[in-house]
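If you check TrEMBL, you get these features:
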- 1-21: signal peptide (SIGNAL)
- 42-170: domain 'DOMON' (DOMAIN)
- 177-376: domain 'Cytochrome b561' (DOMAIN)
- 213-234: transmembrane segment (TRANSMEM)
- HIS215, HIS251, HIS284, HIS320: heme b binding site (BINDING)
- 246-268: transmembrane segment (TRANSMEM)
- 288-306: transmembrane segment (TRANSMEM)
- 318-339: transmembrane segment (TRANSMEM)
- 351-376: transmembrane segment (TRANSMEM)
Amino acid sequence: MPLLIALVLFLLSFHVRTAFSAHCSVATPTKTFEKCMTLPTQQASIAWTFHAHNATLDLVFFGTFISPSGWVGWGINPSSAEMTGTRALIAFPDPNSGQLVLLPFILDPTVKLQKSPPLSRPLDIHLLSSSATLYGGKMATIHNGAAIQVYATLKLVPNKTKIHFVWNRGLYVQGYSPAIHPTTSNDLSSIATIDVFSGFSAAHRDDTRTLKIAHGILNAVSWGVLLPTGAATARYLRHIQALGPTWFYVHAGIQLCAFIIGTVGFAIGIRLGELSPGVVYGLHRKLGFAAFSFGALQTLALLFRPKTTNKFRKYWKSYHHFVGYACVVLGVVNVFQGFEVMGESRSYAKLGYCLCLSTLIGVCIALEVNSWVVFCRKSKEEKLRREGLISCGSGKGSGIHG
């Protein structure tokens, strides 16, 4: 239990630290802006100045490359908060010279469906100027993690101060066409609706992120820790005669808590799917449904548990063991799949979970070795007893005949 509490606190502290680690700045080497905002994904941020008298917006986007041959871009969708329809400015190294170039793109439906590569063309919005620079000036080079600033000045529709801001980054460029970006949860959530006059952004993105964090923590604790702990409890405590039936109540209590917490996490996952139309994580979703189904079957099986004298008891035990271990394996595998989906495959949260799971596995290995030592000793004593070398009243071999 202390290990479980430590894991929960570690996961919570990691997500809180992640939320507040990034910061925004209004100052650049060439200009100072009035407002700034940290964007919820990719450690990106923006700064801007809105001139209300002529509806002009001066804006700079701060992003980072994830590959020396990759791309970084941002854009504005005039109609809705989605990628399709975005008018974008994308920066990447020139395939011929290696110098940084900035080109305009219109992301129509064919780009999202990958039917054709995006081709640069003039934007149909009032873009007055644009430029891009690497952090460090002219001597800076594009590399993994290189910081970039993309500037633009554009004229907005009068009396309309809300913009649908879209940003992303990719691994490589084909010719002068950016290739598809990664499809992790963070990359697919790089959209925000911002009021450039007040400086506030729409809250639904933050709500979705909160649900994702809750979904991840609840499922990691239930399917990834409590369920394997309950299975280990049944396997290694049932043979301790001093405990009597206590092991069963401990096992059932842990598994029931795991299933209740897991059900809440599962329901949050369903809700996240409803809030993210078009975003489908096929493997994660299938594993989640399979684990939940097996967990529900295990819970229902308790209602039909035969007595020890019933002839069907051995069949019920076989079923219970198979479904139980299958549920444990599916749950743990899906927790790791969840880290991949959330883009946390190299995070401290995953490291914390791995340490917790490794500790549990280490304890199970030690108990397994101990149980086999006890089993072998008892088997040897039983063999000697049958051969008459040990008296029936002896428990430790003190009755061996000379």
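Positions of Cβ are set from backbone N, Cα and C atoms, glycine also.
TrEMBL does not curate its annotations; it predicts them automatically.
Feature annotations (TrEMBL) mapped to structure.
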residue : record              : Cβ neighbours (10 Å)
HIS215  : heme b binding site : 22
HIS251  : heme b binding site : 19
HIS284  : heme b binding site : 18
HIS320  : heme b binding site : 16
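Scored on C-beta pairs under 8 angstroms, the neighbour of the transmembrane segment (213-234) with the top count among 246-268, 288-306, 318-339, 351-376 is 246-268. Panel annotation: around the transmembrane segment (288-306), residues 219, 223, 227, 252, 255-256, 258-259, 262-263, 266, 269, 312-313, 316, 319-320, 323-324, 326-327, 330-331, 334 of the same chain, lying at least six beyond its termini, place a Cβ under 8 Å from a Cβ of the stretch. Assigned with DSSP, the residues of the domain 'DOMON' (42-170) fall into helix, strand and coil as follows: 7 helix, 66 strand, 56 coil. Largest Cα-Cα distance over the residues recorded as binding heme b, namely HIS215, HIS251, HIS284, HIS320, equals 27 Å.
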